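What follows is a single structure, written as structure tokens, with notes after it.
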């Protein structure tokens, strides 16, 4: 049995709080990401991992030492580090002659690899190469995806879902306008993914809504997809299962549309409109001339009948 799989009994209150923090919960903790260097990572891959760690702070763990492992051949090392650091997301960087400037991005389910996708770095511009102001640590980004490949191809559809999981940050109920500080833009075109990062500038516009400008902040990457390791449909569905306690209770005759608008259905008996009392207005009263015409019409009808 692995040392991390043993049932541990806390000896101090601090250890008890630490173990309680890792226990299964209805509302899970914020997903942390671990960034790992391979045994032969070069300067480009190392800088990419540093920049990604800067975007993920404080929800990331950067391993500075090199780790000789191959995620697609042996996943035990990744699973060990996942348990040790309590991280469900990972990014692994390596470099060799066959696959230069290589990145593997993936996620865990129950401390086992759920899916991972290998990406090759064709072009890279670092955070420090772009001399502009940066966003503060822990800022929640806005994610934009452009390109039909993200909705057509299964590999790119999974990659989109994985990138959202990796960069979305904590779940919040609302965000103030000044809190929207930077954008991560992903474009899928001709089998490649273009990753860009922009800082959001709110300018005066003369009205209540400010004028928005984008300023490139970095990092910037041109990526090409290589190998994939995707979970089966059953396992993927199991990983997305929502506990019964968190599911909204069904209320009779009440439904919601895709935008969250609540609709209610009311069952009523058929109403007799003949007995409906309407508001009497002066403008609707008959005039004396009209009454005279009506009286003459009634008299003529009586004469004809006689």
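Glycine residues also receive a Cβ, built from the backbone N, Cα and C atoms like all the rest.
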Checklist outcome for this item: Ranges in play 233-269, 270-306, with Swiss-Prot marking region 'Disordered' at 270-306
Checklist outcome for this item: On the domain 'Brix' (31-234), the mean of the pLDDT values is 90
